[in-house]
Amino acid sequence: MGFAQAVQWWEAWQLRVLVLSSLFLQFFLFVAAIARKRRPAPWFRFLTWVAYMGCDALAVYALATLFNRHNDRHDEPVAPSAGLDVLWAPLILLHLGGQDGITAYSIQDNELWRRHFVIAASQIAVAVYVFCRSGWSGDGRLLRAAILLFIPGAIKCLEKPLALKKATATSIVNASDLLMVDAIEDEGNGGGAAPERMDSLESFVQAARQCVKVEAEGKNPLYFDVETNSHPYQLFVDLAHPYCIRLKNLQAMAAKKAGREDAHGRVRAAVSRAFDRFYTKHKASYGGLLRAVVVLLTFVVIGLFQERRRSRYARADVIVTYILLCCTAALELVSASVVLCSGLPEPDDSVAQYNLIGCLARSKKKKHRRLRRLSRLLGFGHQLDWIGNAERRHRPSCRITELVHDHVASGWTGYKDSGDDGKVAGADAGVSKGVESKNGVEIVKYYRQFNDCRGQRTLKREGLFPATAAGGKAIAESLSMPFDESVLVWHLATEFCYFDHVDAGSDATRYSRVISNYMAYLLFVRPGMLVPGARRKLFEAVYIELREMLKEKPWESEDEDDEEKGEKKTEKKKPRAMDEIARAIIQKVRDPPKKSCACPRAHRASADLVRKAWDLAHDLMEFAKKKVDEHEPEVGNGDNRKGKKIEPVDQTKKGDERMWEVIQGVWVEMLCFSAGRCRGYLHAKSLSNGGEYLTYVWLLLSYMGMETMAERMQRSTELPAEGDPGALVRTSALDDDEEEEGKPTATAPTGDSEAAKPHNSARDNQVSGRATLPWYGSTGYQSK
């Protein structure tokens, strides 16, 4: 086939190829929408992005081709077979409306809703023009079939920009107060009594402590009888929930029967709802009804087309029309079933993993060397290690969620070690109304200190922080450095302890490494989510430093005997496995060569971090030995008297388990510290690729009453915390009905009759937009 024949074929088949290609992209996007929550592979995400960007362009191109074809026939008589392709116009509008499960690929796409609205309106106008310019030749049945498809096609085409607009930050901020009103209505209808006043952080902390205490004892709910608030959207735009909603969530999470076990499932459901709000149409209540109507009308059109005389049309157009109608009907049927029945699957809740020593081990493999050289020329050499680790990077997270839950719950119930003097700060004081202001200040101080902990609380409990003359200097210094450096030092120290010391094989060992690898992953892949200002180059610098250390020969120090040197030099095999590389690094930092001062200047900072990591690991292992020594007298006085023989290995194992419990506690605190300092926008942005486990921790902290990003940015350490940063906003304008009827505005109740009403009644908490909300203090709410 020559070039002229190819051009002629393309002119004849152009529209057919375009509409079939658009149909194929819709099927692919439907599959991609289902797999999107499960963290698909990078290559699949790339194909999804290409399909998302190309589906609209392909549909617009097809409509433009259809427009030009009918515009060229303006002065020509319409052929009898020219009307069949007009039936494709409403089908193309359905394709332009997209799939329900993927209205936006990234969070930035939601802000482009105006552009999508203009495109949808213009393409609907093109379709109307094609209808008007088409000669139906008395084929009224085909015209009715096209109209039946055109109406839902136009509605679905306009539904996409509306869904995008609803997911913008401005829309969520504007709708946040209305969602809180509905939530407060649910509280009033659900039973229970709200606290009388929560207009300050002190009153909230006191009520929260009492609530957790009651729930821990298994008594009846103190305040509310309903579940957690199911609208987490405003948290993603850094708006805090009101104190009453936070107290409600805390009560559900702290429940003795199902609070801890159901915490992960509740947070996962909240992440799923947030994903649906930002990236899909599944949050639309009318979406299922519209899908059902489209399915019904599509099958009706198939029946109408089946009854027509198809011999008058081109055979290729008839086949393409059947393919379009049948495949579109099947796709809409399955889509309607997903919307009305099961919905999209739950998001992936696994924990991503990235290990620095594992990265070094993979770099030693010969099969990656050529690809690595090419990637270095292109400027992303280290990213190849992440691609190679993609299939091994996920670990279950339910148990880690329980560890975070236990950590926060212990913070509410154990108000100890909050002051510098080691005294209990308000352990049970401040719960009653007559609490002294000094106790309230101490409670707020402890609350903020708990939110700022990144390992101090665990180390204080073991007497390792602050540093003492007996030791622990490296442990204390590891928490005083910048957070990104602290994460890297503890990550290396965890690996050193794992490979150099006796592994106890306990749950604490396993989960310590899982959290450690996840924090390393955040530092290298998502540094903005780890903490603002985290430096990815820090990770790369330490990686290069360790790689240079492994290149130095010999790996042993210069003080070894010549006989030992000769034996090791005969071994030409370089370390390739993780344990071999880890032990080689430990040997280098434990017994550094005398010429270590000649280290290149550019590597001095990273070498210091490696040295600090070993010092930290050494202090932790010394702590384990100390615990073994403390346990020996107890064993000798007890079990040996009964004739039992205690093995030294068992004693060492107990010391190791104690060490790993400390490491696990520090990592849990660091994980909470990082989650509490990540912007909600970054959490929403990460949902487009399946989400991050850090979002689960972030939502759990918010649901359990911990300090939010909004509170942290607005607080002052020298001033008392007054007011509710998440309270509803009261407008000063009167409603038209109030101006006519002379109703008072929603302010604090005045007069003896209003003041005499009880504040803990559900009827007093009605939220009609004008009712007074007693637990907000003197500030009422009036809806716009």
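Along the chain as shown, the residues are counted starting at 1.
Each Cβ is built from the backbone N, Cα and C atoms, and glycine gets one as well.
Long-range contacts of the transmembrane segment (12-34) within the same chain: residues 40, 44, 47-48, 51-52, 54-55, 58-59, 61-62, 65-66, 69, 85, 88, 91-92, 95, 98-102, 280, 316-317, 320, 323-324, 327-328, 331, 334-335, 338, 344-345, each at least 6 residues beyond the stretch ends and with a Cβ under 8 Å from a Cβ of the stretch. The transmembrane segment annotation in TrEMBL covers 12-34 (among others).
Within the chain, the transmembrane segment (46-67) has long-range Cβ neighbours (under 8 A, six or more residues past its boundaries) at 14-15, 18-19, 21-22, 25-26, 28-29, 32, 36, 40, 85-86, 88-89, 92-93, 95-96, 98, 102, 105, 116, 119, 123, 126-127, 129-130. Per TrEMBL, transmembrane segment is recorded for 46-67 (among others).
Summarising the annotation, TrEMBL assigns domain 'DUF4220' to 49-342.
What TrEMBL records for 288-306 (among others) is transmembrane segment.
The feature transmembrane segment is assigned by TrEMBL to 318-340 (among others). Counting same-chain residues at least six beyond the ends of the transmembrane segment (318-340), those with a Cβ under 8 angstroms from any Cβ of the stretch are 16, 19-20, 23, 26-27, 30, 34, 84, 87-88, 91, 94, 99-101, 282, 287-288, 291-292, 294-295, 298-299, 301-302, 305, 310.
Feature annotation from TrEMBL assigns region 'Disordered' to 554-576 (among others).
Annotation source TrEMBL lists compositional bias 'Basic and acidic residues' at 565-576.
Per TrEMBL, the feature region 'Disordered' maps to 628-652 (among others).
Annotation source TrEMBL lists region 'Disordered' at 714-784 (among others).
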- Item | Stretch-averaged pLDDT - the domain 'DUF4220' (49-342) | 81
